[in-house]
Amino acid sequence: MKVKVLCRNPDDYVRETTRDIQRVPRNYDPTLHPFEVPREYTRALNATKLERVFAKPFVASLDGHRDGISCIAKHAKSLSTVLSGACDGEVKVWNLPRRECVRTIQAHEGFVRGICSRFCGTSFFTVGDDKTIKQWNMEPPGCGVQEEPINTILGKAVVTGIDHHQREATFATCGQTVDIYDEQRSSPIRSFSWGVDSFSCVRYNPVETELLASCASDRSVVLYDMRESTPLRKVVMKLRSNTLCWNPMEAYYFTCSNEDYNLYTYDMRHLKCPVTVHMDHVSAVLDVDYSPTGREFVSASFDKTIRIFPKDKGHSREVYHTKRMQHVICVRWSADNKYVLSGSDEMNIRLWKANASEKLGVLSSREKIAANYNKKLIEKFQHHPQVKRIARHRHLPRDVLKQKKQQREMKEAKRRKEQNVRKHSKPGSVPLVPEKEKHVVAVLE
């Protein structure tokens, strides 16, 4: 029988007198350096500084439109192809690696309100102010052949949004009602309405493909199931939501962009209060799109900036802006999780890096190891005051900074007023409402 005994000799760690210096145990293993933590902290600080030095997110500008960009769509199968629609009814197909327009279509009279690719990538759909839904071939016509749509559906009212099913030959449009179309039929196979005069956005759930959600003009977000004849439920908010996007990895979560400068992430099973309120914009948020990993999303705002938010954090990790970029109308995250596309009022589509300091091109093995090591060091020391301060700092346009300061003062004044009212009222008569519950008016089944 083998017995292991722990032996501690007091002579190794107890001082003989109080004037003696403290005996510090030392590990003689050469791989463990006595100053390992200070050395790693210095490296983490340098890595954080270098990350901010090399943060150059702007990649390219795609210009060619003659009016403001109203919508952008990704190709369902190809990373290098992007579709864009403008306010003059023009649709362009872009090749991203060559950064050039490969095809131009005069699709509609008036605004192009929505554009989406078929799930197989062979064709795409557009809707516009001329009350038509048009299906176009993804491949350009032969030389000398006039550009004609494959199919045209004339609606009864203006269609404001469109989205295609992930696996089936059906698509959803929104206008005065939310309509479900079969590609082989010219009339909707199902229509949903809930006492609302118009809808601004409709999106299919990429995971639970029978579910849809739409943003309505009565400040509500409405959920639908294609297998049901009536809408499932709706949540009414204090201000109107412009667009929404489903999380591609978590089936029941979606994020909507709101007119009150915030974004709200909801769990569709519990709509009484949002899971997270994302606050950083200083003007109405006009569009939102998730990354393919479902961990982050990008938002476009009227304040001429785009921001990248972690899905579970209340504040953005990144903000992009340029002097020339005006109100950002639409935004998309590329399917390879590396780039962000934004379309704005001044007729430009801009390509940004999703990770601002990431090095483009082929990396050697040593570069990959160094990048991963620096990333881990920054994660390890991310809560240290110096590292945190450098990593969080962003240069903002003067107008945005001024508006942010004004909003902070207004919120502080409002909070002070509530505290004073509560202090001088009967105990319990003025309840303390959490921030998440302030923005939801009602949930209707």
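Going from the start of the chain as shown, residues are counted 1 onward.
The backbone N, Cα and C atoms fix where each Cβ goes, and this holds for glycine too.
Caution: TrEMBL annotation is automatic and unverified by curators.
These features come from TrEMBL:
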- 401-412: compositional bias 'Basic and acidic residues' (COMPBIAS)
- 413-426: compositional bias 'Basic residues' (COMPBIAS)
- 354-440: domain 'Sof1-like protein' (DOMAIN)
- 401-438: region 'Disordered' (REGION)
- 62-104: repeat 'WD' (REPEAT)
- 278-309: repeat 'WD' (REPEAT)
- 321-362: repeat 'WD' (REPEAT)
Discussion item. Just to be sure I understand, if DSSP states are collapsed into helix, strand and coil, how many residues of the repeat 'WD' (321-362) fall in each?
Written reply: 0 helix, 18 strand, 24 coil
Worksheet item: Could you give the mean pLDDT over the repeat 'WD' (321-362), rounded to a whole number?
Response: 94
Item to complete: Give the residue counts of the compositional bias 'Basic and acidic residues' (401-412) per reduced DSSP state, in the order helix, strand, coil.
Response: 12 helix, 0 strand, 0 coil
